[in-house]
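Copied over from TrEMBL:
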- 34-58: transmembrane segment (TRANSMEM)
- 96-116: transmembrane segment (TRANSMEM)
- 244-264: transmembrane segment (TRANSMEM)
- 284-304: transmembrane segment (TRANSMEM)
- 316-334: transmembrane segment (TRANSMEM)
- 340-362: transmembrane segment (TRANSMEM)
- 383-403: transmembrane segment (TRANSMEM)
- 415-434: transmembrane segment (TRANSMEM)
């Protein structure tokens, strides 16, 4: 049933890809070089699309290591090819170099998932494209399933608008310089989100789904027998939710507090003064706070989508549409006044709205249980104080040791000392955090592991 349903993304994806490429060819530059790049990007998207059904199957089977390996290989290959082509062909062929690297990325993704399921690939293809499985009365393609797929497709489109709306606004009202600054900042931030928070979010979502099913099953069994079983199942789910949310809060808080102190140093060491001495460094510092909000929203929204029933999912979709409208309006107004930082502020406000809605849903979900504490995920005030103190110490080190010596030969040793001090402060804050929060976090991860096994 999974692979037959997942196979539907292929014809739909081909249609969308063809429409987007056709639109880009009509409204954009119609030169031969431009059409070539559009074609390469379209083929790259189709190659990546070929691996999508197997990606969905891997996620459904909880084979998270498959995705990690495939995406790691694809990203490394893309980076190597991009650098090699840029060095070989030069900056005049940057568009071609990036497009060919994206083509290689799509090919590695498709080939990687095919190799991961090579032992059963033939049977999976036969199942996906067998005519006898695509009758109108097949349960896998019932009206109920089509409605569910439509709801999740709408939800995905809304999330895409929320995620990419800022870039659309930036492209329409800002200069190419500010677009470059925001592009650099958002890409660096997305690396942290993809590598650090996305695996945590996906694992938490799987545990939330299993936990919510346990609550539903306990509710059916408890009818006429008291609600003890349901209460225990809900308590386990709440423990996982609060534990995962606390982890996201702590890690996001560290990034938000340490990011402004190390944004300039990181940019200068990696990209040189061409980027570090521009608006990019302070913008990256501001973006660090937004990354912290992304971490919290990822877990809270995962719980909403895992535990909500159909009416609740529809209300969540409506809320996302409203938040998307607010986000776009704020992006236009704040971007025109404050540039890149205003756009990041609009992103943060939109994320806060989504977090608020998800926390309200969680409170509504557990409201009947007397033991439920809505703010149990908030770290102890001493933990917060320790992390804030560590962040303040890193900021003071930046201000007194590094920032006044940017043009001096002593910058590198001073920056190295700044990094070492930051690591020491971070280790101290982590030790204090585990002392106060470790028991709850270990219990949450233990329950999460049990739910995903």
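In case you wondered, yes, glycine gets a Cβ from its N, Cα and C as well.
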Any contact, the transmembrane segment (340-362) to the transmembrane segment (284-304), with at least 3 Cβ pairs under 8 A
yes
Which one of these stretches, 244-264, 284-304, 316-334, 383-403, has the most C-beta pairs shorter than 8 Å to the transmembrane segment (415-434)?
383-403
Ranking 244-264, 316-334, 383-403 by Cβ pairs under 8 Å to the transmembrane segment (284-304), which is first?
244-264
